Amino acid sequence: MSDNAKHHRDGHLVASGLQDRAARTPQHEGFLGPDRPWHLSFSLLLAGSFVLFSWWAFDYAGSGANKVILVLATVVGMFMAFNVGGNDVANSFGTSVGAGTLTMKQALLVAAIFEVSGAVIAGGDVTETIRSGIVDLSGVSVDPRDFMNIMLSALSAAALWLLFANRMGYPVSTTHSIIGGIVGAAIALGMVSGQGGAALRMVQWDQIGQIVVSWVLSPVLGGLVSYLLYGVIKRHILLYNEQAERRLTEIKKERIAHRERHKAAFDRLTEIQQIAYTGALARDAVAANRKDFDPDELESDYYRELHEIDAKTSSVDAFRALQNWVPLVAAAGSMIIVAMLLFKGFKHMHLGLTTMNNYFIIAMVGAAVWMATFIFAKTLRGESLSRSTFLMFSWMQVFTASGFAFSHGSNDIANAIGPFAAILDVLRTGAIEGNAAVPAAAMVTFGVALCAGLWFIGRRVIATVGHNLTTMHPASGFAAELSAAGVVMGATVLGLPVSSTHILIGAVLGVGIVNRSTNWGLMKPIVLAWVITLPSAAILASVGLVALRAIF
């Protein structure tokens, strides 16, 4: 095995065993498989959520609301959330499951807590409709019924495209999917209503141009940051640990050989010589345990050579990287995640924090994480170095994935809940408003659908991100997730057009480039899927809109 092939294994035997288990995760397990109770539980939970929410929505929308459209919108909206869970959420947790840090069930639990919490706590109680966003509907005459048809068509088209991508294992942008659906439905409405010229003018083509730019900008930024970050981690932590462990293994073999050699030499001595040598060994054992021990006092060759071996062991500061570098990396990572939460995840909560307040919070969290990680590293002394490395990066990866999940829940669930909330608002008020209220009941229901989607159809995307694009371990998975979070945060502040999905895939590729183990062949269909996501959703939505206008 070459040095490069060896060096990228940051988890060694422990990580490899867990990786093999992750790689064997089945792509699909039927209802008769070992996870049958989980399948049944999520099926019942999904059905129960739909029934309870529909019952609540009938009362919320009022007696004058069209019940057929309300039920249809609920089904389509939950179906969209289901597919967002199978793609976006699976994409977010793919590195954690692929690295063996989390099992599928553990990832589901973390996603359920943090995704739903992010949606309910920080998702915002009001969402903007697309009236003047990617499509400006003010240029055409749109009545409430046609507006709902646009939203229904967009949700249906985006969900169907995501379902296809999930079945193929392609991580694609759910945001681009819903945007494509809205654009296609809006243009189709303009065409069928005889407003052809206005139909094309109402699309904000500069926004579409930014999406095209994001196809290149997002993976490049994610890959560049990940390449640099993981390069530092590998050079200063993983390679150092591997060299230290290799040296300790050599010293251990030397110690065993030393013992065997002296045992054989002792057996060759006469009985009188053995008695004398035993006395010398006993005196050396006492001397070696004194605080003021002087190596020159040793009488026996056994203890003199043993002292030299012990000196070699002491010269190998095996845990230096874990105590010096890992706390710094963990502190920097925690600061990035907290910054992403404060500036992106909590942006809908209007906490009233000043910029200086945010900076102090970020600094305090960074200091606390540095101290906690440093103490944790000290407690691991005496443990296997490879296992200690695996444990520390596993904790850091779970922390990063949890923060990413919360931020995702607070923002990207809007791809499903936004159009649905707009439909619900029109059914309740009979008018098209610039903003639509998002009831907490809808957030919880769609959160359940999100988690169910991760469980039922998320395995293929997890396999793609977790180990099909490149071999993933806790350190490399942490680097990919943290790089993606950092780029998303920076792009949000700078206003750059990026996609979090594309960024994370780029970050995974960056790790693979460092390890020279990137599956470029798999990237070809994934990039093609990115390019055709928007037009595919647009075509499906245009067909859906024509069908809905014919039915209703």
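Glycine is no exception: its Cβ is also placed from the backbone N, Cα and C atoms.
Marked as transmembrane segment by Swiss-Prot: 38-58, 69-89, 107-127, 146-166, 178-198, 326-346, 360-380, 389-409, 437-457, 472-492, 493-513, 526-546 (among others).
Remote same-chain partners of the transmembrane segment (526-546), defined as residues 6 or more beyond its termini with a Cβ less than 8 Å from a stretch Cβ, comprise 149-150, 152-154, 156-158, 160-161, 165, 168, 170-173, 176-185, 187-189, 192, 208, 211, 215, 464, 502, 505.
Of the two recorded stretches, the transmembrane segment (326-346) does not lie close to the transmembrane segment (146-166), with fewer than three CB pairs under 8 Å once pairs fewer than 6 apart in sequence are set aside.
Same-chain residues lying 6+ beyond the ends of the transmembrane segment (472-492) with a Cβ under 8 Å from its Cβ atoms: 8-11, 15, 19, 95-96, 98-101, 218, 221-222, 225-226, 229-230, 233-234, 237-238, 333, 336-337, 339-340, 343-344, 389-390, 393-394, 396-397, 400-401, 403-404, 407, 465-466, 498, 500, 503-504, 507-508, 510-511, 514-515.
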